[in-house]
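This report concerns only the one structure given below.
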Amino acid sequence: MKAYLALISAAVIGLAACSQEPAAPAAEATPAAEAPASEAPAAEAAPADAAEAPAAGNCAATVESNDNMQFNTKDIQVSKACKEFTITLKHTGTQPKASMGHNLVIAKAEDMDGVFKDGVGAADTDYVKPDDARVVAHTKLIGGGEEASLTLDPAKLADGEYKFACTFPGHGALMNGKVTLVD
């Protein structure tokens with residue numbers, strides 16, 4: 001029993017040590033990317049997030065992801081005044097998409113668990129079930145240094161509460177946020 005506990009403890013310590021990233025150079029670091037998004041309450045994060053993903057007549061937003069499984073915002077504000085809204089996902093990390101890939105998937109809040117579940121087996125389609133009617137829009141899966149964009153009609157966000165998340169297996173618990181229709 002002691003050997004079993006020792007093996008489990010060693011495995012946990014090894015995994016924890018392997019998951020730590022070295023400190024990013026100051027030129028790459030941004031305040032929003034450094035702060036763990038999962039620790040900040042949504043109400044406190046909104047003012048800083050608004051600067052990262054603005055709306056109010058601006059019909060585009062950029063969301064950054066990194067090798068620490070974080071988005072730099074918890075709220076994407078989409079203007080009702082826009083005919084089309086484009087979201088660009090930038091992976092600021094260095095790891096390849098096979099080990100630390102990210103995408104950005106938008107769906108109704110109540111549908112997101114099903115989108116995650118159905119996406120797990122869909123590695124060939126970037127962890128998004130093909131033709132999933134619950135998905136409003138999504139980017140392709142990207143690795144470090146890459147970017148991808150999606151374009152959506154804001155009218156699709158009129159009914160209900162919408163969320164965005166990364167559907168790469170295991171990432172959605174940390175990498176998610178709210179899509180807010182404004183104006």
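Just so you know, glycine gets a Cβ as well, placed from its N, Cα and C.
Some features that Swiss-Prot has for this protein:
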- HIS102, CYS166, HIS171, MET175: Cu cation binding site (BINDING)
- 57-183: domain 'Plastocyanin-like' (DOMAIN)
- CYS18: S-diacylglycerol cysteine (LIPID)
- CYS18: N-palmitoyl cysteine (LIPID)
- 27-51: region 'Disordered' (REGION)
- 1-17: signal peptide (SIGNAL)
Neighbourhood of HIS171 (Cu cation binding site) by C-beta distance under 8 A, where only residues 6 or more apart in the same chain count: MET69, HIS102, ALA165
Per-residue Cβ crowding (10 Å cut-off), top of binding-site residues HIS102, MET175: HIS102
Count of other CB atoms lying within 10 Å of the CB belonging to CYS166 (Cu cation binding site): 26
Across the domain 'Plastocyanin-like' (57-183), average pLDDT on the 0 to 100 scale: 97
Residues of the domain 'Plastocyanin-like' (57-183) by DSSP state, where helix covers H, G and I: 22 helix, 46 strand, 59 coil
